[in-house]
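Engineer: I am attaching a structure below and will ask some questions about it afterwards.
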Amino acid sequence: MAGFGSNLLILLLLFQNICLGFRSPLSIFKRYKDISASLPNECLGSDQPVISFGLSDFALDIRMPAVTPKQSDTYLCMSVPLPVDDEAYVVDFKPHASMDTVHHMLLFGCNEPSSTENYWDCDEGTCKDKSNILYAWARNAPPTRLPKGVGFRVGGETGSRYFVLQVHYGDVSAFRDKHKDCSGVTLHLTHQKQPLIAGMYLMMSVNTVIPPGKKVVDADIACHYKRSPMHLFAYRVHTHRLGKVVSGYRVRNGQWTLIGRQSPQLPQAFYPVQYPVDISYDDILAARCVFSGEGRTTETHIGGTANDEMCNFYIMYYMEAKHAVSYMTCTQNTNPEMFRNIPQEANIPIPVKSDVMKMMHGHHEETKDSDTSSLLQQDKKEDILDQGDFYSLLSKLLGGRKEVVHVHKHNPTEKAESDLVAEIANVVQKKDLAREITNYDERDNTILVRDRTQKFHRLESTLRPPENRHFSLQQSKHGEGGWEKEHKGDFHIEEAVEWTGLDLKLGQVSGLALDPENNLVVFHRGDHVWDENSFDSKFVYQQRGLGPIEQNTIIVLNPSNAKLLHSTGKSLFYLPHGLSVDKNGNYWVTDVALHQVFKLGAKDKEPLLTLGVPLQPGSDKNHFCQPTDVAVDPITGSIYVADGYCNSRIIQFSPNGLYVMQWGEESSLDRSGPGQFRIPHSLALIPDLSQLCVADRENGRIQCFRLETGEFTGEIKHKAFGRELFAVSYGPGGLLFAVNGMPYPGETESVKGFVMNFSTGEIIDTFIPLRKSFEMPHDIVASEDRTVFVGDVHAKAVWKFASVEKMEHRSVKKAGIEVQETKESETVAEARLKNKPEARDPLKNKQHLVQQTSSTGVSFVLITTLLIIPVVILLVILVFIRWRKPTVYGADGERKLDSSSGRILGRLRGK
């Protein structure tokens, strides 16, 4: 009995230890609770800074720990660790602050705060690493509400692990009674995976000048949007006192759609977008701030003090989780002429009552502008920003930096603009520790500009998620060696400028193929487009009311002159995507809206075979979820489907459509192994080798598998691909053709086409259009004569590329060695040996190779001889010097060389 009791006690202790091993939010946050226990109750929204709402939700209270700022314009920071290790999502914010004491609050997310103290002066910085702005509050703004299913991603392997609260105390006269401040924000977090990720887009003018007394001055900002679709749900405007109205728009095909319009003199809140606005690739985001210079006697420029101005338009947006970017900026005006067509409402000021103005501007009265230079010399703490703003701490940093801020006023050059932008970017990340240093000379200022610009570019480069590391794999047995070699050879393709197919009026071109007669088959979307309104968060198509596409979606063109030969596919599809043609001339297509795969006869109006359930996404044997491509084995008739945008698998069906097998899984966040996909987007059959290659789009690579088993055989991945590879096609002669996606900001890999050796994976050639330019090349196909066609979903165009002679040759003699100078249209020439195999007959190639080896051997001997001669001479001289040393210098080595030979040998010895 005693033994049983002892065993029971041991089991209980083990159970207790196991339970303690599971870290709950409250247990992880014990240290923070202990620190906060000694603080006044008014500093915490409850006795517990972390409050659980059930299994998945919890609240986190972030408050200043009872601080009393000693002077106006003070910035204080404090940090709170995320109380969980795994990924969580911030879905709501509740501010606790009053404009009587707080000018504004910022909440950052990062992995390493600048200090480990309970709170610190923000002069030390906010975060040591990259920081993202999650929330901003100022001037009694109402809480910001995130739409359902939207959250800021934190924790896990990629999200922030700390929250850093920054509070700007403007006027400290409210603290005359020495009371403690406990301003902060309560976060509502959840472990439930959010399908949509929130982010912030800042539009900001950096070069506006407001002349004194001028009644109306416009500051315009416009940028082309070059990312995945985003949905806008809130906006915020900011200027100083001269701002009358700020408006933001989306411009698409010349049509202006209002995002938001507000007076910057009203409470600095995030206002909800009245009507849902989506932003697609190549849309233009435009904003205008209207100022008045009345009452000023000197020019007003962009800057950080109350007597400067700012023009900011903030946008809260959300994106699909797989494409999410947390922060973006726009500081340019790429199309000034466009603003001639801006809606008239953007020029009409919004009246604000005088009592509201007085409330908004608080205790500070505007200083009269009698002399700008004298204002710049003042060092008054009252010179703070009058509106809350993400970058309002510029009032402290930039206001005291005459040589940085005001160089923009007196010399508004490109250099000054980059300086100001870099300063602002620096403020987002860290306060400048050197701002108290005075008496900068011109060289110091130049160094400062350079450093700030570099910081700005480093910050911009962190906006995208980290790229997956290259996963080193064993190579396919068809080739040995690395796949990162420089391309070689004389194969080259260029755009066929005589091709008239570029002028065809098409919808979004999603698929290309060649039929048995080598005619070009094009699959396009007619008047339908795939945008952010097409699907809900569960991938269910939302625009069924539009009906199927009423145009013929499949057109057949003469590959020589683009003459229309045949068309079909009317009233069958909603959102076409992938296309292939089997050996019998049947069309195989996928529709991402219907979640189906179809087989169509060239002259049939109804499908011969249908796979999938219409309009029902799924992941079982009978359902697809946005299938991207289909391929048919010409030998066995087996059907292979890439499925797709929301599944990560390849499915094999029998020729009559029965399920056979599937392989593939979704890539993990930190690495992508064999058979793991992030959108298997395009298929290429290599029937001679019984392999199937897949364009793994978001992993920026090509993966190949055995048709019979789905066994992984190899991967092709090049830095030149960038992060996205859209399509792949196999051509005769063992060539692979591919197209990549647009580069991310800060990356140099441009969008282009690639020609690769399938056996080795090396890049043989790259190509781009001469007419127009690639925007989002979506599919590629190559014919037997190495003619290549590329379809672009955004440009709504089809390019033709043809093989041409790549190099011009001429022989020249240099230093007695005959070499061949190779010239490639406007590229740098390089020297090669003249002998070069041209014959394709194996025997001739062998003979030619012997000749080339012989010639190369002679050249090698000659070059070696020329190199050895000076080496031998040098050795003889050194031996001679060694022998002469005792004679010339004597026993003590101190005699000088007095002969001419001695002087020469001395110089040689020195060398």
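Positions of Cβ are set from backbone N, Cα and C atoms, glycine also.
TrEMBL annotations: computationally assigned, not manually curated.
Since the structure is predicted, the reported quantities are computational estimates derived from the model, not experimental observations.
Found this in TrEMBL, in case it helps:
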type	residues	note
SIGNAL	1-21	signal peptide
DISULFID	Cys43-Cys182	disulfide bond
DOMAIN	61-172	domain 'Copper type II ascorbate-dependent monooxygenase N-terminal'
DISULFID	Cys77-Cys122	disulfide bond
BINDING	His103, His104, His168, His238, His240, Met310	Cu(2+) binding site
DISULFID	Cys110-Cys127	disulfide bond
DOMAIN	197-342	domain 'Copper type II ascorbate-dependent monooxygenase C-terminal'
DISULFID	Cys223-Cys330	disulfide bond
DISULFID	Cys289-Cys311	disulfide bond
BINDING	Leu512, Leu579, Asp779	Ca(2+) binding site
BINDING	Arg525, Tyr645, Arg697	protein binding site
REPEAT	565-603	repeat 'NHL'
BINDING	His577, His681, His778	Zn(2+) binding site
REPEAT	611-656	repeat 'NHL'
DISULFID	Cys625-Cys646	disulfide bond
REPEAT	672-708	repeat 'NHL'
DISULFID	Cys693-Cys704	disulfide bond
CARBOHYD	Asn757	N-linked glycosylation site
TRANSMEM	857-881	transmembrane segment
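Set these features in their place in the structure for me.
Structural biologist: With DSSP states grouped into helix (H, G, I), strand (E, B) and coil, the domain 'Copper type II ascorbate-dependent monooxygenase N-terminal' (61-172) comes out at 4 helix, 54 strand, 54 coil.
Other Cβ atoms within 10 Å of the Cβ of Cys77 (disulfide bond), summed over all protein chains shown, number 25.
In the structure as shown, the Cβ atom of Cys127 (disulfide bond) sits within 10 Å of 22 other Cβ atoms.
In this model, the domain 'Copper type II ascorbate-dependent monooxygenase C-terminal' (197-342) carries an average pLDDT of 90.
The C-beta environment of Cys330 (disulfide bond), restricted to residues of the same chain at least 6 apart in sequence and closer than 8 Å, consists of Tyr201, Leu202, Met203, Met204, Ile221, Ala222, Cys223, Leu285.
Cβ contacts within 10 Å of Cys311 (disulfide bond), excluding its own Cβ and spanning all protein chains shown: 29.
Neighbour density for Leu579 (Ca(2+) binding site): within 10 A of its CB lie 24 other CB atoms from the protein chains shown.
Taking Cβ-Cβ distances under 8 Å and a sequence gap of 6 or more within the same chain, the neighbours of Tyr645 (protein binding site) are Phe539, Val592, Cys625, Gln626, Thr628, Ile679.
A 10 Å cutoff on Cβ-Cβ distances gives His577 (Zn(2+) binding site) a total of 30 other Cβ atoms nearby, all chains included.
Packing around Cys646 (disulfide bond) is summarised by its Cβ count: 20 other Cβ atoms lie within 10 angstroms of its Cβ, all protein chains included.
Long-range contacts of the repeat 'NHL' (672-708) within the same chain, counting only residues at least 6 positions beyond its ends with a Cβ under 8 Å from a Cβ of the stretch, are 322, 467-468, 471, 473, 476, 478, 578, 580, 628-636, 638, 640, 642-645, 648-650, 663-666, 714-717, 721-730, 736, 738, 740-741, 758, 779.
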Engineer: If you compare CA-to-CA distances from Arg697 (protein binding site) to each of the recorded positions His168, Cys289, His681, which comes out shortest?
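Structural biologist: The smallest Cα gap between Arg697 (protein binding site) and any of the recorded positions is with His681.
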Engineer: Between the disulfide-bonded residues Cys122, Cys223, where is the Cβ count within 10 Å the lowest?
Structural biologist: Cys223
Engineer: I'd like to confirm something. Which of the binding-site residues, His103, His168, His238, Met310, His778, has a Cα closest to the Cα of Cys127 (disulfide bond)?
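Structural biologist: With Cα distances computed to Cys127 (disulfide bond), the winner among His103, His168, His238, Met310, His778 is His168.
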Engineer: Quick check: which same-chain residues outside His577, His681, His778 lie with their CB within 8 A of the centre of the Zn(2+) site CB atoms?
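Structural biologist: For the Zn(2+) site the neighbour list reads Ser510, Gly511, Gly578, Thr628, Asp629, Ser682, Phe726, Ala727, Asp779, Val793.
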Engineer: Given the recorded positions His103, Cys110, Arg525, His577, Cys693, state which is nearest to Cys182 (disulfide bond) when distance is taken between Cα atoms.
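Structural biologist: With Cα distances computed to Cys182 (disulfide bond), the winner among His103, Cys110, Arg525, His577, Cys693 is His103.
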Engineer: Count the Cβ atoms, other than its own, that fall within 10 Å of the Cβ of His103 (Cu(2+) binding site), considering every protein chain shown.
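Structural biologist: A count of 28.
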Engineer: Please give me the CB contact count at 10 A for His240 (Cu(2+) binding site), counting all chains in the structure.
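Structural biologist: The Cβ of His240 (Cu(2+) binding site) has 26 Cβ neighbours within 10 Å.
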Engineer: When you measure from the Cβ of Cys693 (disulfide bond), how many other Cβ atoms are you left with inside 10 Å?
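Structural biologist: Excluding its own Cβ, Cys693 (disulfide bond) sees 26 Cβ atoms within 10 Å.
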Engineer: Cα-Cα separation of His778 (Zn(2+) binding site) and Cys646 (disulfide bond), in Å?
Structural biologist: 18
Engineer: Counting across all protein chains present, how many other Cβ atoms fall within 10 Å of the Cβ of Cys110 (disulfide bond)?
Structural biologist: 20
Engineer: Per the record, protein is bound by Arg525, Tyr645, Arg697: how many Å separate the farthest pair of Cα atoms?
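Structural biologist: In whole numbers, the farthest two Cα atoms are 21 Å apart.
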